[in-house]
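What TrEMBL records for this protein:
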type	residues	note
ACT_SITE	His210	active site, proton acceptor
BINDING	Gly44, Ala45, Gly46, Asn47, Val48, Gly49, Asp69, Asn130, Val153, Ser154, Asn155	NAD(+) binding site
DOMAIN	38-177	domain 'Lactate/malate dehydrogenase N-terminal'
DOMAIN	180-342	domain 'Lactate/malate dehydrogenase C-terminal'
Amino acid sequence: MHKSGSSSSFGPGGLDLTQAFFRPILSAAPPSPTKRHTKISVIGAGNVGMAIAQTILTQDLADELALVDAKSDKLRGEMLDLRHAAAFLPRTKITADVDYAITAGSDLCIVTAGARQMPGETRLNLLQRNVSLYRAIIPPLVKYSPETILLIVSNPVDILTYVAWKLSGFPSNRVIGSGTNLDSSRFRFLIADHLDVNAQDVQAYIIGEHGDSSVALWSSISVGGVPILSFLDKQEIAYEKETLENIHKEVIDGAYEVIRLKGYTSWAIGYSVANLARTLLRDQRRIHPVSVIAKGFYGIEGGDVFLSLPAQLGRSGVLGIANVHLNNEETQRLKASAATISELTSQLEI
């Protein structure tokens, strides 16, 4: 692929204008070697990958952004398109290549690449093809950025996060899946819409599988610090459980509706992943429902399984799991969700 690095030289002689254009001040010290340089790599330049890249740029989350994709022409086109917006964006070095060497020294590697399901293909066969794809992605990322955090976005995200963990050899705190972070955002929006409040004032989580067996934690929902179901009970305000189930179903069906209408999802997942990147790289220690190794939490035992739990995130990855109260029904549903994922994971050849 054509060399993608930026340059300060002009003309066939390669005249470097940097030294001519700027003169150093007297008695200046050299640049500090301790200056923090933040680098993010995005693997996969499809609709999701580019939405994430664009959001990272507009939110000024990185000093350097590296893009990797197998399609060199599209990759270079996307890189140039972003570079041409330099006058409207915070200063960020943008590079791109099909060679994973471009990701060297990344603080965060975001993987969006994944195989698409073919007509009539079983879910297990699709998963196995994604495992093969990940064998070509994860080891080079580990080679060039051995201290990075891996953030997996490709679907099925819980299983592929487990695959990435196995292939990387990383400690479990440095392999995270985007999980139900976006599902929880949809959940908060729907509750806020029903109550006519700001979604940022709604505390609500979807946990478990990023998929049909996800679990809505109704028992711990609060708005402005007020526990919703407890409040309704105390005020003797009747509500139907079916109404709650319908809201959860809207969360699950939300992505399918977007795909039906526009062909793919991109912007919401872009903001969701950028939100996670901010928490991780700026050590904000916020709690996000993301896919993590779940063994030993909420009664989940047996084999290693990744699913979404409310996790505190920071510069070293997963710092811990929040001890959110689950009622008996929610606990049983979470265990069932774990069993669903575990069954598929156990059939994979990694």
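Residue numbers in this text run from 1 along the chain shown.
Cβ atoms here come from the backbone N, Cα and C positions, even for glycine.
Taking the features listed in TrEMBL, we show where each one sits on the structure.
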residue	record	CB count, 10 Å
Gly44	NAD(+) binding site	23
Gly46	NAD(+) binding site	17
Val48	NAD(+) binding site	25
Asp69	NAD(+) binding site	24
Val153	NAD(+) binding site	27
Asn155	NAD(+) binding site	20
His210	active site, proton acceptor	30
So which binding-site residues out of Gly44, Gly46, Val48, Val153 end up within 10 angstroms of His210 (active site, proton acceptor), measuring C-alpha to C-alpha?
none
For NAD(+), with binders Gly44, Ala45, Gly46, Asn47, Val48, Gly49, Asp69, Asn130, Val153, Ser154, Asn155, what's the maximum Cα separation in whole Å?
18
Which residue counts does DSSP give the domain 'Lactate/malate dehydrogenase N-terminal' (38-177) for helix, strand and coil?
68 helix, 26 strand, 46 coil
